[in-house]
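Summarising the annotation, TrEMBL assigns domain 'TRAP C4-dicarboxylate transport system permease DctM subunit' to 136-568. Feature annotation from TrEMBL assigns transmembrane segment to 36-56, 94-111, 147-168, 204-225, 280-306, 366-399, 461-489, 509-531, 543-561, 573-593, 624-640, 711-731 (among others).
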Amino acid sequence: MPLPFVFRKYDMSSSQPKNALTSLLRGNAAARINGFLILFMAVFFTLMHLYAAIYGAPPTMLFRPLHLSLALVLLLLIHPLGRRWSDPFNRWSIIDGALFVGAVWLIWYYVSTSQGWALRQVIMSNVDVFAALLTLFLIAEGVRRTLGPILLIVAGSFVVHALFANYAPGILYGPPVKPLTLLRALVLGDSGIFGTPLGVMAQYVVMFILFGNLLAVVGVGNFFLRLSFSLFGHRTGGPAKAAVVSSAMMGTLSGSAIGNVLTTGAFTIPLMRQLGYRPAFAGGAEAAASTGGMIMPPVMGAIAFIMAEFLGRPYSEIILAALIPALLYFLVIFVAVHFEALRTGLRTLPKDALPRTWEVLRKQSYLLLPIGLIIGGLMAGYSIVLVAVIAVFGTILIGFVNRSTWPTPLRLAEAIEQTSRSTVALSVTAAAAGVIIGAIFSTGLSFQITQGALQIAGERLWLLLIMSGIVAIVLGMGMTASAVYITMVATVVPILRAMNVDELAAHMFAFYFGIVSNITPPVALAAFAAAPLANANPMATSVAAARLGIAAFIIPVMFVYQPALLMIGSWSVILQASVTAAFGLSALSIAFVGYFSAPIILPLRLVMIFGAGMMIIPEWRTDLGGTAIVLLTLLASRFVKARQGKSEERASGSRKSAIRMAVERLIAKRVAKAALGEGDGEASGLEGPRKLADLTRAQEAYGGIAAHTRFALWFGWAVFALLAVGMHVMGTSLIQARDPQTWVWQMAALSLFLTAGLAVTFWRSALTTLAAGERDGEPA
């Protein structure tokens, strides 16, 4: 039975062209107006955060509400209700129009009343109550349109509990909160929707999302793919290993598992399928690798910034603690991919068809500089915001090294728009998480849950960890990783701290179990995004992803028992813990694959899993015992192989004819050349993007209509130059501190100026391109 319309997730892919500039040429008047509004709001949204990062943010209680209000307006424009903006006027148009007017009114309300925030925490007028209720309603509708009903139901449940806690059973029982008191706590309180999660989004995350989009503009994704395939493409399991490495490198900068699947996966998944990998395995490998990008320093996605804020620790300390667990995670995926390729006898890519590592580094190693800027800045102790600003402008300058990747005005417009689009869902998620935290803190439910869980678990920490992991996985069935982490901080982390678990380890535990929701059946968002690219069953893809990423479920337990994995303790203890963890997790991965030098029979695999589990316990005796069991199991598997002979799978591979092997090698060579931009993609039969360069070009949604004409190029740069002058004048006068309201209106005027300039630049480029096509006899 289908869900009622109000509970259905909105189809984000069908309402609006991916690029707002494109809609200026296509569609009816409504679609063109909507495209211009999207571009204007995206420019306003991104420029506001860029200005705040360079010259200082306005007061907190203006900046955060303005961030959320702009995100809500953008959300309504990008995701209209149950229709497309190009559709004729209908009943949904009235609802969307009313919500849009309400969201715009909220911008005016929060800007005009920002200086009376403290007074409203004591006395709320009728207008204040209406604005608070409208804000909560728009957040709920935004969550429904972008994420579906799960997070909406969870947040609503906590609100209902706060209002009727006196009717709740057991540990959930408590005094109810008056509606007006709860409304004040949710909207005006420090732990409500404008609390830490939304503050982190506004202060840090937007800048790093902009940084990730600029990296795509200058071709970093292309470089990572070429480098990964040059290093691993010719080795056993090479295509999958290259996909893992490239996804890890790009994922750590983009901070989005799903976004990474849809970019790098568009190339790597079809290539793996072409070389013989099972569809579900190909999609699962990409999903697991892209999810791992969110735990790999230096950027690690939005959760790491939120964690640093909750802990009150430097971000550099967070990324240092995350390094060893992240390396262990990717080690397990590498081992699984390697032995899966051996087990199934998959082809590799011919080395002579791949780019040479030295040549790739010689020509494009300068693209590593943005990563160096981030690492160097964080290690030098600079603030996160300053590092983000340096990285953004450093990436733009680096883009001018290669003419084909110049950050032209229209490419910068694309990066700006994609930044705002990516932030919309994150912002409403953070606001909804603030509703959960505010409702929990208003009733004291966190303390009650802590006491109840301690009574159930007693002194058994292992039982508490299992219970916490199950809660996180259940929450992850439809909630984003950020929402899962924030909810666990309010509910589970206090329980772990009460059991004397290290504070950093407790938060990292919540962090990891928030991340694994991307690959955990039955609702694995990253795996589901990879399934269509692999033409695989979504559930089979999510199972494959969970099996490859099994380490993400075990590593959190390991560093709770052994904080040395988080760089806590002496170097000798850290080294011992890391080596035994690497060996144990590798053994576990081999046992799940069921192959070493020969197939491993089921009884030996179970014994091997037991031995690997012993190495999770932080004792040298169990480490030695587990190591001995694993080694004896591997020796026993070789003995079984000697007695039974080669398995049927290996025997069939050895009987392949020389002609068949030559044909396979030829196919692999043609696939590699097509994939790396050196041959005919059609000849190989490769689906999806056929050249690595396409990954960069495909991000220009307006195709060949780029700033190729001299007038459009220089006109666009002149617009950006005048914008920079205007922002500098505003920044040097510190108007955001002296007169925040005037600052907002001046930012809006500058944004309108840039939007109009970009529209003119795009129109000029489009008309010139069309005229050139007509002169050449091509269809315009």
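Cβ coordinates are placed from backbone N, Cα and C, and glycine is handled just like the others.
TrEMBL entries are annotated by machine, without manual review.
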I'm a bit unsure how to read this: which one of 147-168, 543-561, 573-593, 624-640 has the highest number of Cβ pairs shorter than 8 Å with the transmembrane segment (461-489)? 147-168
Taking only the residues in the domain 'TRAP C4-dicarboxylate transport system permease DctM subunit' (136-568), give me the average pLDDT of this model. 85
Taking the transmembrane segment (509-531) as reference, which of 147-168, 280-306, 366-399, 543-561 has the most Cβ pairs under 8 angstroms? 280-306
Count, for each of 280-306, 366-399, 573-593, 624-640, the Cβ pairs lying under 8 Å from the transmembrane segment (204-225), and report the range with the highest count. 366-399
Interface check, the transmembrane segment (36-56) with the transmembrane segment (366-399), three or more C-beta pairs under 8 A: yes
Tertiary contacts of the transmembrane segment (624-640), as residues 6+ beyond its ends and Cβ separation under 8 Å: 580, 583-584, 587, 590, 596-601, 604, 607-608, 610-615
